[in-house]
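Only one structure is covered here, and it is reproduced in the block below.
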Amino acid sequence: MSIPTTQKGVIFYENGGQLYYKDIPVPKPKSNELLINVKYSGVCHTDLHAWKGDWPLDTKLPLVGGHEGAGVVVAMGDNVKGWKIGDLAGIKWLNGSCMNCEECELSNESNCPDADLSGYTHDGSFQQYATADAVQAAHIPAGTDLAQVAPILCAGVTVYKALKTAEMKAGDWVAISGAAGGLGSLAVQYAKAMGFRVLGIDGGEGKEELFKSLGGEVFIDFTKSKDIVGEVIKATNGGAHGVINVSVSEKAIESSIEYCRSNGTVVLVGLPKDAKCKSDVFNQVVKSIHIVGSYVGNRADTREALDFFCRGLVNAPIKVVGLSTLPEIYEKMEQGKVLGRYVVDTSK
């Protein structure tokens with residue numbers, strides 16, 4: 001298979017600086033890595049943070065962003081096992097980890113202190129060819145629609161793991177804050193497939209319609225509601241058993257603790273800049289509310305999340321555009337005008 005020496009990609013040289021769609025070198029895989037011809041990549045809010053550099057974690061520079069890449073294995077290092085040329089592979093947020101620390105031993109690889117992150121500390125999937133650690137790369141079944149599966153590799157895995165973390169049972173109410181965005185639209189579907197009743201909170205044109213089309217039961221528009229907490233408690237007959245916070249609003253997180261029912265779990269997923277999680281201690285203790293963070297997922301979570309997708313139980317509402325339009329996508333993200341998930345075609 002002929003592999004070019006240069007490729008199209010989007011790269012920036014300083015955080016918040018210009019995004020260049022240009023010819024860049026094709027990387028060479030290390031002994032433990034795959035070289036993947038990326039066909040499509042989802043665009044995540046994390047990519048926006050990586051570009052801006054507004055998280056308390058330094059990015060590499062220059063940087064090619066992206067961490068929801070779906071493509072074909074075209075080369076591999078000498079130490080790679082379990083893969084062959086032509087396999088479909090996914091590039092995840094967790095590109096690689098040490099596999100030797102306590103967290104890796106417990107299958108919490110995303111919490112590895114030496115984790116290598118796609119599109120952050122490792123050049124990611126906003127290019128036509130990208131490398132990924134063979135252990136962490138996702139096995140995508142043959143025949144899978146690569147554009148459709150791309151968002152599952154981060155957004156899908158992340159919300160699926162968050163729902164597991166909430167430890168609910170079938171028939172319980174889950175409230176999803178940010179229910180019509182890229183993460184939320186998948187969370188609604190995974191929640192339905194897992195047997196939960198779904199209440200969504202979001203605001204803006206078309207969001208209730210999207211939420212209901214995905215199987216959501218009760219929708220609250222925060223731009224119109226005068227009492228979100230009261231409305232959630234009333235609709236769920238006492239409060240949500242679990243809350244999945246995927247919005248990037250500190251106020252939404254604070255409210256979610258108030259409408260979570262006794263012995264329920266509030267799961268923090270979205271990462272608003274400089275946000276604090278504020279909870280009234282008396283209320284939290286007396287109601288025995290759990291507040292936990294959930295950070296992407298491990299290899300088993302990835303396999304399970306992909307299985308839901310391959311069985312037709314979840315379907316990312318995507319809009320496919322060319323990689324060259326990435327700056328415009330970031331602008332829409334900043335304005336909160338994204339419904340579902342943007343996916344970029346690396347050939348355009």
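Numbering starts at 1 and runs along the chain as it is shown here.
Cβ coordinates come from backbone N, Cα and C, glycine included.
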Identity of the Zn(2+) 1-site residue among Cys101, Cys104, Cys112, Cys154 (reference: Cys44, His67, source: Swiss-Prot): Cys154
Reduced to three states, what secondary structure does DSSP give Lys207 (NAD(+) binding site)? helix
Which of Cys44, Cys101, Cys104, Ala180, all binding-site residues, has a Cβ with the fewest other Cβ atoms inside 10 Å: Cys101
Using the alpha carbons only, what distance in Å do you get between Gly178 (NAD(+) binding site) and Cys154 (Zn(2+) 1 binding site) once rounded? 16
Find, for the listed binding-site residues His67, Lys207, Arg341, the residue with the lowest Cβ contact count at a 10 Å cut-off, counting only other Cβ atoms. Lys207
Rank the binding-site residues Cys98, Cys154 by the number of other Cβ atoms within 10 Å of each Cβ, and give the residue at the low end. Cys98
Cβ neighbours of Gly184 (NAD(+) binding site) where a neighbour is any other Cβ within 10 Å: 30
Identify, among the binding-site residues Gly178, Gly182, Gly270, the residue whose Cβ has the fewest other Cβ atoms within 10 Å in this structure. Gly270
